[in-house]
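Chemist: For reference, TrEMBL lists these features for the protein:
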- 33-59: transmembrane segment (TRANSMEM)
- 49-298: domain 'G-protein coupled receptors family 1 profile' (DOMAIN)
- 109-128: transmembrane segment (TRANSMEM)
- 148-172: transmembrane segment (TRANSMEM)
- 207-234: transmembrane segment (TRANSMEM)
- 246-269: transmembrane segment (TRANSMEM)
- 281-300: transmembrane segment (TRANSMEM)
């Protein structure tokens, strides 16, 4: 891409007044109403499911570590969808897409990456929790203390926020060409990088560094935890006990595979292989479908969550009768 006509932002006012145009699904004008209704229904269901789990965890007086982390995961998913989906719905409502300011685009990217990164760190923390529960059951209460859980939750959020802030700052320092049309429904990193007026691969280094910190390192920690769990399960003679121990990991494994599968497909690849249409389809999955699947997976597989939800429903029925 030629750098002729690149926008030089040598002062704050230029960046403050600059706007991007999110094209969204403007090529699917005939399906716009159907997509809008579908997005809205999925969004409301996602908010309801994650809010229900979050409230169930908050209202439970005695929360084991996994339940505490699950509440944090639901809170992240709530914020995650609120950062992305309302703007996507707005772009569907407008035939030619919707505009977003330079600062608004940077803030959306930063929050999106921070929340996604916090989820990666949290999934690694949850895998460590399963490792301690299965491999060191007698020390579980002492190791996974309330103080440690709070510190781990805080580190997940702060670490991801710091990496996301550095990535957003690096991306939005690049010179952008006069074409400010983002072929996406939100300010995703590859879509914004595609507008940069540069031929070198140095513009991709911040994204690669963020992938290393937010994707690869947590994934290696998750892999190490499950290797330890697998080794411990091999020493359990009873197949029934082995099955019960492994069943406590199934929900976490399912969520991890969903999250990492989509994130790896979109972000760990060179800029030359960028495909707007393909990216939008995958982004639809990890910004709309997977946040909806998480509460379904955990509510179906986690006995504690099912028990708390049943208690909430019973309280509601008693309140209605009285």
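Cβ coordinates are placed from backbone N, Cα and C, and glycine is handled just like the others.
Each of these features: where is it, how hidden is it, and who are its neighbours?
Modeler: Cβ atoms under 8 Å from those of the transmembrane segment (33-59) belong to residues 25, 67-68, 70-71, 74-75, 77-78, 81-82, 85, 88-89, 92-93, 288-289, 291-292, 294-296, 298-299, 305, 308-309, 312 of the same chain, restricted to positions at least 6 beyond its ends.
Nonlocal intrachain contacts for the transmembrane segment (109-128), taken as residues 6+ away from its ends with a CB within less than 8 angstroms of a stretch CB, comprise 66, 69-70, 72-73, 76-77, 79-80, 83-84, 152-153, 155-157, 159-161, 163-165, 167-168, 171-172, 186-189, 192, 210, 213-215, 217-219, 221-222, 225-226, 252, 255-256, 259-260, 263.
Non-local neighbours of the transmembrane segment (246-269) in the same chain are 73, 116, 119-120, 123, 126-127, 130, 133-134, 188-190, 207, 211, 215, 219, 222, 226, 229, 233, 279, 282-283, 285-286, 290, 293-294, 297-298, 301-302; each lies 6+ residues outside the stretch with a CB under 8 Å from one of its CB atoms.
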Chemist: Report, as numbers and ranges, every residue of the chain located at least six residues beyond the transmembrane segment (148-172) whose Cβ falls under 8 Å of a Cβ in that stretch; write 'none' if there are none.
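Modeler: Answer is 15, 65, 68-69, 72, 102, 105-106, 109-118, 120-122, 125, 189, 192-193, 196, 203, 206-207, 209-210, 213-214.
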